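Asker: Just passing along the structure, written as structure tokens.
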Amino acid sequence: MKKIEMYHHKKVLVLGLARSGVSAATIMHKLGAFVTVNDQKPFSENPEAQGLLEQGIKVICGSHPIELLDEGFELVIKNPGIPYNNPMIEKALKLKIPVITEVELAYQISEAPIVGITGTNGKTTTTTIIHHMLNTHKENSSLLAGNIGFPASAVAENATSDQYISMELSSFQLMGVETFKPHISVITNIYEAHLDYHTDRSEYVQAKWHIQKNQIADDFLVINWDQEELKNLTKQTKAQVIPFSTTQRLGQGSYVQNGNIMFNDEVIGERDNILLPGEHNLENVLASVAVAKTLGVTNEEIMHVLETFKGVEHRTQFVVEWQGRKFYNDSKATNILATQSALKGFKNPVVLLAGGLDRGNSFDELLPFFKNVKTLIVFGETADKIGRVGKIAGIEVHYVDNVEAAVPVAYRESAPGDIILLSPACASWDQYRTFEVRGNAYMDAIGELIEEVEK
């Protein structure tokens, strides 16, 4: 960790805890700042706050008292989930107190260069692929951080100059950066999202675009050339632009030509050898290849990762091939768009498992994507709604109680060569606490099925 002096004896307010807040407070304390932590959760139910108090950090829990800002703070580090229209943030900005997010602190203390990845879709998968490619090239050369579950500042604290930090970044995090500068920035794509947090689409796009705002001519920006909006924005960057495209033969950057993954006119390997299915994953692959080639990863090392990487858990994750059937876990598909993307990725017949929390959708938008679906197995609050669309498509529909009950039915109704896909198109909360719990239930049920059949 860089021993920076800029925060020594500064009064710093960390607003909102969770893992990133705990990490920011702890590091600021080590840097000699006078740290106060404020979190809405009551102290008695807040083990994180209790741990910080034991370190000698001032802790205020149970509410966000706006008068706290009258205590002369010189900096606010906010949890990325707290919006800028929060009264505490509005008052801090009115008082001209700088407001940053924890990734800004991570950059300031990091000895390791950062590969920053943002976008509406594909951030986690792309970040993970890049991480694996760099570590295949040189063991322990990449550390995983950011919105992926490891606080950026905690990772940066222990990173060394011969490593890279592969950092997933949300628009929430990027809105609060001032000096943050990745050596390589990646923007996978931009669609409508988080308009409950951002005032409008323009603010959302600008938050994503912040990832490159401090880059210079020695840095790189890997960007989706299939999106005209992003292509036009590259006129504003000082970084070296590396495009990627799933639809165009670019001749530079990464793209597909004659069934091959290409980079700057060089064949990296065959597209058909990639384990991850789908056009959306092809975007993630091409962005990752651009980063890997820029950092000296060999074609053999790149293809080793692409031929073996099963996907991030619960995101069109390949589970197992058994009895000629391939099982995929896409429990993260908590909306219709995500299930559409998953279905587009398969050419073989699909047995689809879908259903969950009813948010008032009709699911008619799934109809054009049911061309390869041979059987539909539905469960949860939306079983009847999704089943109705399946019947309109002329698909055989089976109604079951839950994901666990769906798995043996899917096996019975499938044949060798089929895809068995959990892609619910709904949130899990009607039956499962999280989409992870639902995905794990699916994978456990597959294991039990295999054990039962092979007895």
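For all residues, glycine too, the Cβ spot is worked out from N, Cα and C.
I grabbed these lines from Swiss-Prot:
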BINDING   Gly119, Thr120, Asn121, Gly122, Lys123, Thr124, Thr125  ATP binding site
Asker: Which residue, of the binding-site residues Thr120, Thr124, Thr125, has its CB surrounded by the fewest other CB atoms within 10 A?
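Answerer: Each of the binding-site residues Thr120, Thr124, Thr125 was scored by Cβ atoms within 10 Å; lowest is Thr120.
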Asker: Determine, for the ATP site, the additional residues of the same chain whose CB lies within 8 Å of the mean position of the CB atoms of Gly119, Thr120, Asn121, Gly122, Lys123, Thr124, Thr125; present them in sequence order.
Answerer: Ile117, Thr126, Thr188, Asn189, Asn284
Asker: Can you tell me how many other Cβ atoms are located within 10 Å of the Cβ belonging to Gly119 (ATP binding site)?
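Answerer: The answer is 27 other Cβ atoms.
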Asker: Relative to the Cβ of Asn121 (ATP binding site), which residues of the same chain, six or more apart in sequence, are found under 8 Å away?
Answerer: Thr188, Asn189, Tyr191, His280, Ser341
Asker: Please work out the number of neighbouring Cβ atoms within 10 Å of the Cβ of Lys123 (ATP binding site), leaving out its own Cβ.
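Answerer: There are 23 of them.
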Asker: What is the total of other Cβ atoms whose distance to the Cβ of Gly122 (ATP binding site) is within 10 Å?
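Answerer: There are 25 of them.
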Asker: Per DSSP, to which secondary structure element type does Gly122 (ATP binding site) belong, with helix, strand and coil as the options?
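Answerer: Reduced to three states, the DSSP call for Gly122 (ATP binding site) is coil.
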